[in-house]
Each structure stands twice: as structure tokens, then as C-alpha cells.
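Peer 1: What TrEMBL records for 35-270 is domain 'Rhodopsin'. Annotated transmembrane segment per TrEMBL: 15-32, 53-75, 95-116, 128-153, 173-196, 208-229, 241-262, in sequence order.
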Amino acid sequence: MIASESFGDGKSNAGLIYIPCGIFLVLCPLLVGTRLWSRIRKGGHPGADDYTILASLGFSVATGILMFVACHYGYGQHGSILKPNDKAQALKYFVLTQVSYKASINLTKSSILLLYMRIFGKIKWFRWVCTCLIITIAMYCAASLVVTIFQCLPVQRAWDKDIKGTCIDNGKFWYANGGFSIATDLLILLLPMPLVYALQIPRVQKAALILVFTLGIFVVITSCLRLTTLNLQAQTPDPTFDIASTMWTVIEMNMAILCACLPQIRPIIVKLCPKLMAASHSNGRSARLACDNDLPKLAKGSPLGNEESRWAHAQGKDGIHLTNIRKGDTSSEEYILQDDKTIHKTVGYSVEFSKKRSKDTLDSCV
């Protein structure tokens with residue numbers, strides 16, 4: 001197991017920190033930037049989910065920098081070969097990373113839930129569940145930050161055990177935090193699945209969309225792997241050397257950010273895997289996509305004309321889109337878009353989207 005093995009020459013485990021931190025310090029800003037570019041490219045504006053993921057990225061970058069500083073003072077090396085002051089400094093920066101990690105991981109969870117609310121926010125029960133989860137996560141985050149900062153009294157005892165005082169049982173606290181993280185990750189992972197499954201879109205496209213939403217399973221896996229290493233780091237007599245738990249902490253935090261951004265950069269995924277992700281013609285099927293205000297809206301009472309088939313223009317945030325409306329045997333004039341912002345198959349009419357509209361539909365939702 002990595003927790004009991006040394007890295008490289010056997011004298012330092014700092015590589016367990018340098019490698020993932022270095023990779024994610026490049027990768028995470030790149031994907032978050034791509035996410036914002038994708039949103040702006042479609043004519044939209046950054047939302048609460050975007051600002052929240054930016055805040056999470058800020059704490060993630062801070063964590064990476066703090067870890068580099070901790071390693072500079074000897075984090076990853078045997079405590080017996082470190083000067084007392086260097087060891088205290090290394091552990092001090094490690095404690096600071098615990099604060100920034102908790103802020104980042106919980107902000108990422110909130111960002112994903114805010115994204116869900118933007119896509120499926122018109123569904124009352126779904127919006128209520130997301131709101132409750134966000135409040136719960138925010139309250140837990142605040143409480144865990146306070147406990148982390150004041151885990152020892154005086155505070156300095158957290159990184160310098162020569163100072164007299166008392167500390168909480170870090171092992172139990174870390175396990176509680178890990179359990180909460182995994183439980184909320186699973187809830188967030190499963191929450192949109194019934195709604196995504198209910199979308200009336202081609203099976204291949206639906207499978208691709210479900211795949212995008214379930215990429216969070218990688219965060220759950222890393223959280224579980226981190227959980228297996230917590231006991232050693234909590235009880236080790238050499239806390240600057242047995243740092244596998246810290247490595248998994250870095251991976252978990254940044255994987256969460258990456259997974260939160262993937263649904264937003266679907267246009268790039270479409271270019272990389274066009275056959276898998278590209279939308280197809282509806283071929284007479286009705287399209288029922290539960291999106292928020294990004295869906296275009298046909299003006300009520302718009303004349304359809306006497307032709308059997310006519311292109312009607314719908315103006316939305318993403319620009320002009322074409323909708324093919326065919327008149328059936330009935331003279332019903334029900335509206336294509338109801339008040340719940342959902343496209344319905346109306347009596348006497350079938351709604352078909354042009355290729356351009358089909359391709360952009362899910363993009364405008366995520």
C-alpha cells in the first residue's frame with residue numbers, strides 16, 4: 001500500500017505531493033477556463049454555478065501552493081532528519097491545506113447542485129432537494145472549518161506538539177468528514193438520473209448524457225481510497241513522512257472540479273467524439289427537454305399558416321433556432337411551449353427540430 005511505502009530514493013515521499021499538485025495546477029484552471037469560454041461562446045453569462053466553481057478553483061490553487069511550501073520545509077521527509085522549526089513549519093502548512101481543502105470540496109458540491117438547479121430548476125421537488133442539500137453542505141462546511149482551525153487549544157499545538165494543550169481525535173474527525181463527503185457525493189450523483197433518463201431523446205445521446213453526469217463516480221472512488229489511508233496518517237509517529245492520505249486529498253479535491261466542469265464543455269467533447277455525442281434528427285419524435293430559461297419560446301398565438309409544414313423562428317438566449325411544425329388532422333392550437341418551460345408534443349401537431357437545433361439543445365441546457 002502506498003501509505004507505507006516511500007517514494008523515489010526512499011528518503012522522501014514529497015513526490016506524492018509534487019506530481020498531482022503540479023498536474024492539477026495546470027489542468028484545473030484550463031478546464032474551468034474552458035467551461036467559462038464555452039458558456040460565453042453560446043451567448044450566455046456566467047451563473048452562480050460558475051462563480052462557485054471559480055471560488056473552489058481558488059481554494060484548490062491555494063491548497064497546491066501551500067502543499068509546495070510544506071514540502072519545501074520537509075513535508076514528505078522523515079521527521080527525524082528535519083530541524084524542529086522546519087518540521088513545525090511543514091505541519092503548519094499541512095494544517096492550512098486542511099482548511100482550503102474543505103472549502104474547495106464543498107464549494108464544488110454546491111456548484112454542481114447550482115448547475116442542476118439551472119437545468120432542472122422548474123421542477124419543484126428537484127429544486128427543493130437541491131436547495132436543502134446546498135444549505136446542509138454550507139452548514140457542514142462552516143462547522144468543519146471551525147473544528148479544523150481550532151482542532152487544538154492553543155491552535156499552535158496542531159503543528160507543534162511540544163506546546164502544552166489538548167487536541168481532538170483527528171482520526172475520528174477525518175473519518176466523519178470523509179463519510180459526509182462520500183454520502184453527499186452519492187446523493188449528488190444519483191439526484192438527476194431519473195430526470196435525465198426520462199428525456200425523450202435518442203438512446204445513444206441519452207447514454208452519453210448519463211455518462212457525463214455520472215463521471216462523479218471517480219470522485220467517490222478517490223474519496224474511498226483516501227478513507228483507507230486516514231487511520232495511518234492520524235496515528236503515525238512520523239506525520240511528515242506518511243502522507244498518502246494527503247496525496248488522495250489533493251486528487252479528490254481536483255477530480256471533483258474536473259467532473260463539475262465536464263458537462264459544461266460538452267461542445268468540445270462533441271468535436272472529439274462526434275458520433276457518440278452529436279444529436280440526431282428527431283424523425284417525428286416529440287422532444288421534451290426540461291431546461292431553464294435557455295430554451296427558446298414561441299410567441300403565443302403566432303400564426304402557423306396554412307402550409308402543411310412551415311419553419312417557425314424561435315428566439316432564445318442562444319440565438320435564432322429553427323423548429324419544424326407540422327399541422328395534423330386536428331385544428332388544435334395548443335402552444336408548443338407551456339408555462340413550465342418544457343417542450344410538449346401537442347394534440348394535432350408534431351414538433352421536429354432542425355439539425356442545428358438538435359445539436360444545440362443539450363448544449364444550451366448544460
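The backbone N, Cα and C atoms fix where each Cβ goes, glycine too.
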Peer 1: Average pLDDT across the domain 'Rhodopsin' (35-270)?
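Peer 2: The answer is 91, the mean pLDDT of the model over that range.
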Peer 1: Spell out yes or no: are there three or more C-beta pairs under 8 angstroms between the transmembrane segment (15-32) and the transmembrane segment (241-262), with each pair 6 or more apart in sequence?
Peer 2: yes
Peer 1: With a cut-off of 8 Å between Cβ atoms, can you find at least three pairs linking the transmembrane segment (241-262) to the transmembrane segment (53-75)? Only pairs 6 or more residues apart in sequence count.
Peer 2: yes
